[in-house]
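A.B. asks: One structure, pasted below without further comment.
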């Protein structure tokens, strides 16, 4: 197990979001966490990435308590990309990606040839080499998201946690980002954990799905094991048919209707 | 490298401003005479003017300008707010409060003592604001809780200061000159008193620059990059307090410099604080000296305080800056 949550209790102030949860992430896998809004999946990802300190239990990185490890040391092994990050105006793509080298730098040794080549590699892998000198705010949503992923790549970590990397992207750009993730996994053997909303894309691009509801893991396993009609009903309150994706053969969810009852009256 | 070249140009501009500040005033002294006064004084009238008035004034201007420029850039970086100024942490009002209190309650009447009280007031106010901000923030002060606490503490201290100066004429006198902001009529002793504080503040600021770069991508990204966010913030607050506290104690309320200068500097440096901070320091010092020189010649035979000149020049300039470009998002 590279990364492990053991009996964690996660809370914002007095509001407990997750309680008594266990999860293990194996090396070299792509794990996707799915679940309805507010089920605690982003909170869990933040805890795995030591952005949120558990109120109980522990998170282990390679068997050691992550909160006891020096944060800079963790940053050389584990990268986290939060949901919709923001950058200061005028920051160029190259400058953003270069900041991914932060954990490898000290105040007396700011920039090395390792940094240089890591940034160049990250830019070319995300197809951004030609846009390196463009300010981030002039890019399209898909390019901008690739730039952030590129920053996380430049960090050079084996483990990558991505919180909804496809939010606000159109379908083509969603696929593009997920193809990139797949490539990281297949050719660089990175371990990826991400939160996704689109179940069909989640099924296609993950080795392992984790389905959450109300702070608990309801099911975990391969997409075939997890994405069943019964699970969709119990986790999402969704009546749906699950058929085989004609392209990838992975489960494909075709919604019929919700079980939330009659739709609430729309505000006038 | 382009950035190093800009640094050299700014340093040269500061040298020119220093030369202007030493030679121009109620009595103009040619540059050659000024040089002689510095290197081989003969005790002439010019020598005395240069050595006992212009030089301390110029050094103080340089120190305060660097300090306020850097403090402003730090403050805007930490709060991610382009309208933040170095006085946001209650430093200015803290200094004012303890200075007038020392006059009325302790009967302090010499200028050096005011400065020590001013400095102490700045430190206490800033620590208080940081502690209050910590109570409000979840697990550490956030820019929002710091700004709220700073505003509340400033308003509270300003009310107390106002009440005190209304009771005591001598305190009122000190306060109104202090509030205008001036680098004139300070002896070399005053200058040496603030040097260690500004030096310490500048060192902390430079150490803070890489962390601030990480923090400018948001707290979560900064943490993910291995930056200890609370420590970075604490170092930043300490640097701002030392820099701003020392300058406002010695020169009065000049914090406006810290609001404008980072905008000019950012135009040249971009978003990298490792360059933004030195640029801001050099521009701040040059701007403060030039404003001071203008104040010396604009209303003969009297002088206009540098704080007044800065506000008069700075306000329209700032409005133009805001109108010309959309406000910068940090």
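Note that the numbers count up from 1, one per residue, in the order the chain is shown.
Every residue, even glycine, has its Cβ placed from backbone N, Cα and C.
Feature table excerpt (TrEMBL):
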type: TRANSMEM; residues: B:87-108; note: transmembrane segment
type: TRANSMEM; residues: B:114-134; note: transmembrane segment
type: TRANSMEM; residues: B:146-167; note: transmembrane segment
type: TRANSMEM; residues: B:234-264; note: transmembrane segment
type: TRANSMEM; residues: B:276-298; note: transmembrane segment
type: TRANSMEM; residues: B:304-322; note: transmembrane segment
A.B. asks: Have the transmembrane segment (B:146-167) and the transmembrane segment (B:87-108) got at least three CB pairs under 8 Å, pairs 6 or more apart in sequence?
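C.D. replies: The answer is yes, given that the two segments have at least 3 Cβ pairs within the 8 Å cut-off.
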A.B. asks: Counting only CB pairs under 8 A, let me know which of B:114-134, B:234-264, B:276-298, B:304-322 has the most with the transmembrane segment (B:87-108).
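C.D. replies: Checked against B:114-134, B:234-264, B:276-298, B:304-322; highest Cβ contact count belongs to B:114-134.
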A.B. asks: With pairs closer than 6 in sequence left out, are the transmembrane segment (B:234-264) and the transmembrane segment (B:304-322) joined by 3 or more CB pairs under 8 Å?
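C.D. replies: The transmembrane segment (B:234-264) and the transmembrane segment (B:304-322): touching, yes.
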